[in-house]
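J.: Here it is: the structure, laid out below.
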Amino acid sequence: MKYKDLREFLTLLEGQGELVRIKQEIDPYLEMAEISDRTLRKGGPAILFENPKGYRMPVLCNLFGTPKRVALGMGQEDTHALRELGKLLAFLKEPEPPKGFKELIGQLPQWKQVLNMPSKVLGKADCQQVVLSGDEVELYKLPIMHCHEGDVAPLVAWGLTITQGPYKKRQNLGIYRQQLIGKNKLIMRWLSHRGGALDFHEWKEANPDKPFPVSVAIGADPATILAAVTPIPDTLSEYAFAGLLRGQKTEVTKSISNDLEVPASAEIVLEGYIDPNETALEGPYGDHTGYYNEQEYFPVFTVTHITMRRDAIYHSTYTGRPPDEPAVLGEALNEVFIPILQKQFPEIVDFYLPPEGCSYRLAVVTIKKQYAGHAKRVMMGVWSFLRQFMYTKFVIVCDDDVNARDWKDVIWAITTRCDPSRDTTLIDHTPIDYLDFASPIAGLGSKMGIDATNKWPGETSREWGTPIKKDPNVVKRVDEIWDQLGL
């Protein structure tokens, strides 16, 4: 099923028992995060807090708190179907011309989906039913959550930030946390390699001292939200990919105060600019690592206009030690990564980012090993092929007889097939998430690759061990009599 807007999606979730409305008064200060955390950890539903303490606007949390709801948001029934999306992205990343008529016919479904990529611009949109400007702009009237006791201030966590560089035709959508520091001021925390930060950097070089236009959409339709967190090719717009997910063009409308296009059905849109000369100290905040992060200076987003739907819904989340919503998203989107990696490295059988690895910091890869040194090539490929794995600290490579998603299997492979001196690869002075305080320098640290594969001639001078295998005839015989044994 496809959803035109967030409200359609919520109606579907409620019909499936995947959304609960809470009518009791709940405080956005700490209480909503505590309730959301407990609900997510038990695999519970999305939550609509209808009576936030001190506010009139309802708050939506835990929307993508299970892999099933992530898949539903992408128009699929379960996460296994997300591999088909990964195949489509792999095709779009490096399309190959058909080698014959039969192959051309086989590619027609993919090209048909591409027809849904261009967005549709509306002159009148629901997201602009209410328009606030000037002194009417008051961010403190939004029920922005304060998630952890040690957090410095309330935090906008699910805003889709829309930017455009001076030399790019496409607009970029990214999700960056934004600290509330004034009635019309937010701190825009974006890492230097992210699309919004790159657009801003190019703008500053091309337009010194001129304000950089920014719009932030809160509560967009699920396809657009998820497009912003999916590893799409750099040349593809998130709006275009949302159209592919939805099976129909993404509807957008021009912002009131700038030329940026925003999701037409968004619940709330913040419009404004970033002054290249204005920064503020951001944090500390409890983050997806399970720790409070260090403080750092980031640009300040000045909000000049707020537009919204009548009876708008504020969409929010919290981050903390896994599992949290980003970890669940990472677990589901793991299935999207696999076909993209396999297109470049066909020897990869499976690829897994364990949620407890803070979404992306550790990866387990299983391969059909073909030559000595193969595991190291795959390590280097994972670190370099997709920008999403720039910050992955640990890559463990195993043979295809190991289940990448079973820690018992992976640990067995490491302890029996790996010599620490020979089979660990250390790389110094590589990019690391600045939130990773374990690195000696903020933003710069090391990576480790672990080769837990069986060793080939040239990799060892010893005779390699032969794994124990059960006699299939005995296994079959015991299967037949098992129920009679009373065990």
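For all residues, glycine too, the Cβ spot is worked out from N, Cα and C.
According to Swiss-Prot, the protein has these features:
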BINDING   ASN172, GLU238  Mn(2+) binding site
BINDING   ILE175, TYR176, ARG177, ARG189, TRP190, LEU191, ARG194, GLY195  prenylated FMN binding site
ACT_SITE  ASP287  active site, proton donor
J.: If you pair up every Cα among ILE175, TYR176, ARG177, ARG189, TRP190, LEU191, ARG194, GLY195, the residues annotated as binding prenylated FMN, what's the maximum separation in angstrom, rounded to an integer?
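T.: Site span for prenylated FMN, by Cα atoms: 14 Å.
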J.: Going by DSSP, is GLY195 (prenylated FMN binding site) sitting in a helix, a strand, or coil?
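T.: In the DSSP reduction, GLY195 (prenylated FMN binding site) maps to helix.
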J.: If you take the centroid of the Cβ atoms of ILE175, TYR176, ARG177, ARG189, TRP190, LEU191, ARG194, GLY195, the listed prenylated FMN site, which other residues of that chain have their Cβ within 8 Å of it?
T.: THR161, GLY174, MET188, GLY196, ALA197
J.: Indicate whether GLU238 (Mn(2+) binding site) is helix, strand or coil by DSSP.
T.: helix
J.: Output, ordered by sequence, the same-chain residues six or more apart from TYR176 (prenylated FMN binding site) with a CB under 8 Å from its CB, or 'none'.
T.: GLY159, THR161, MET188, ARG189, TRP190, ARG194, GLY196
J.: Would you count the other CB atoms within 10 A of the CB of TRP190 (prenylated FMN binding site), including those on all shown protein chains?
T.: 21
J.: List the Cα distance (Å, whole number) between GLY195 (prenylated FMN binding site) and ASP287 (active site, proton donor).
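T.: Here the two Cα atoms are 21 Å apart.
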J.: Around LEU191 (prenylated FMN binding site), how many other C-beta atoms are within 10 angstroms of its C-beta?
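T.: The answer is 17 other Cβ atoms.
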J.: Looking only at ASN172, ARG189, GLY195, GLU238, which of these binding-site residues has the biggest number of Cβ atoms within 10 Å around its Cβ?
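T.: Output for this query is GLU238.
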